[in-house]
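For reference, Swiss-Prot has these:
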- 31, 32, 51, 58, 59, 67, 137, 331, 339, 469: FAD binding site (BINDING)
- 31, 38, 121, 347, 422: glutathione binding site (BINDING)
- 59-64: disulfide bond (DISULFID)
- 206, 209, 226, 291, 337, 372: NADP(+) binding site (BINDING)
- 469: active site, proton acceptor (ACT_SITE)
């Protein structure tokens, strides 16, 4: 006689041969995929979302959310050092050397917060009527989506519309002996202990943010960059201010350098990092933050989805891939790797596919998208950089307004942090085509100005706004 469990397994195995059909099938449970699936289901579309890891994607699990929590801790460490200058904690000997950060305890709290968000994502899917399948999806040779569950059973799916929203993953260097002794940017969030000495390879926003976090929490921080500045994709004003201030704050920036090889002491576990012209010894942790690539283990070639030279899925302005009925958005297309962009694109795609007639032509606008870097201090950018504006309009047709100052908060402090705002205007009407800001609160400040720039504001519009005093942001509407 068969036991109940054996009968269940036989039935389950048989069921896995069935092909389930949906109106909308989403591969990837990150921000873009979840947003698109929920919007589609709200219109009554029979929707299924497939995800093999934790819901929330890079942003929730190994990106924006846990990174910002770490940034808060590092920022607070900076603020605590300012307490005495503001008449507080006079009886306490506070110094950077004496501040102790409990990495392990805080990481546990951070991870618990992330797990709560995972649960919220799952409940929100259920609330909208989206079927959630935990498993790994790939296209089979018949054009179906085949899902392998954690117990290794498989299921097959088809759909009228399929969205690829699988996100990206960190790039690791090739051809560098000992590179495996380091961790990628995802691995940062798996560190169980705070390293006393860290080397970070990379100059982008991830490397820059990690460097700020480590340094603020008391780790001896080294960052290896190929050029003279960090954040080389941002406006030169941001590059210069952040690089200079990091050096002032004690971050060791190794410019025009690259890692050649890495050695590990078998007894101590310490690393020796060999650069082109110098050696960094007694390193506790090496972090590779040199870029990201599309996560595409879904066999897109089986359904004819075209990939670009960099491995990203090629899409048109409506998120259509080269295969009819299959779409892609988010990090996997490599356009703007920002969570809010993926969310907006996902919702607009669902509106176009399943929404009312007036939404059938919707598409995501990728112009004037604000972005920020949670460095120390923060930096924010929207629109064209100065070199981009010159290239588009000609140097004679743009005008730059900028100011550099010390925010009022630092008037009581010996330790100063810079603030710089730069407004780029084009044409005789002086339309604002770029805004680049560095300083405390830049992330919050930029959101409101982003609305104005998106609406086509001119310098005169900015000037017509009465300033809020005393604030740093008032400088943006009083630039001369």
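Including glycine, each Cβ sits where the backbone N, Cα and C put it.
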Worksheet item: Quick one, of the binding-site residues 59, 137, 206, 372, which Cβ has the fewest other Cβ within 10 Å?
Response: 372
Worksheet item: Of the binding-site residues 38, 121, 137, 422, which one sits closest to residue 291 (NADP(+) binding site) when you measure Cα to Cα?
Response: 137
Discussion item. Of the recorded positions 31, 51, 137, 372, 469, which one has its Cα closest to the Cα of residue 347 (glutathione binding site)?
Written reply: 31
Worksheet item: Just the number: how many Å between the Cα atoms of residue 59 (FAD binding site) and residue 337 (NADP(+) binding site)?
Response: 10
Discussion item. Using Cβ atoms only, which residues of the same chain lie under 8 Å from residue 121 (glutathione binding site) while being at least 6 residues apart in sequence?
Written reply: 29, 34, 55, 56, 60
Worksheet item: Which ones in the same chain are close to residue 339 (FAD binding site), with CB under 8 Å and 6+ residues apart in sequence?
Response: 31, 32, 59, 63, 64
Worksheet, complete the sentence: residue 209 (NADP(+) binding site) to residue 422 (glutathione binding site), Cα to Cα, whole Å, comes out at 22
Discussion item. If I take the alpha carbons of residue 372 (NADP(+) binding site) and residue 422 (glutathione binding site), what is the distance between them in whole Å?
Written reply: 15
Discussion item. Between the Cα atoms of the residue listed as 'active site, proton acceptor' and residue 422 (glutathione binding site), what distance do you get, rounded to the nearest Å?
Written reply: 19
Discussion item. Please report the three-state DSSP label of residue 339 (FAD binding site).
Written reply: helix
Response to the item:
Its Cβ having more other Cβ atoms within 10 Å than any other among the binding-site residues 226, 422, the winner is 422
Worksheet entry | Residue among binding-site residues 38, 206, 226, 337, 422 with Cα closest to the Cα of residue 137 (FAD binding site) | 38
Practice prompt. Determine, using Cα-Cα distances only, which of these binding-site residues is closest to residue 38 (glutathione binding site): 51, 206, 226, 337.
Written response: 51
Worksheet item: How big is the Cα-to-Cα gap, in Å, between residue 51 (FAD binding site) and residue 337 (NADP(+) binding site)?
Response: 19
Fill in: Pairwise Cα distance maximum in Å, NADP(+)-binding residues per record: 206, 209, 226, 291, 337, 372
22
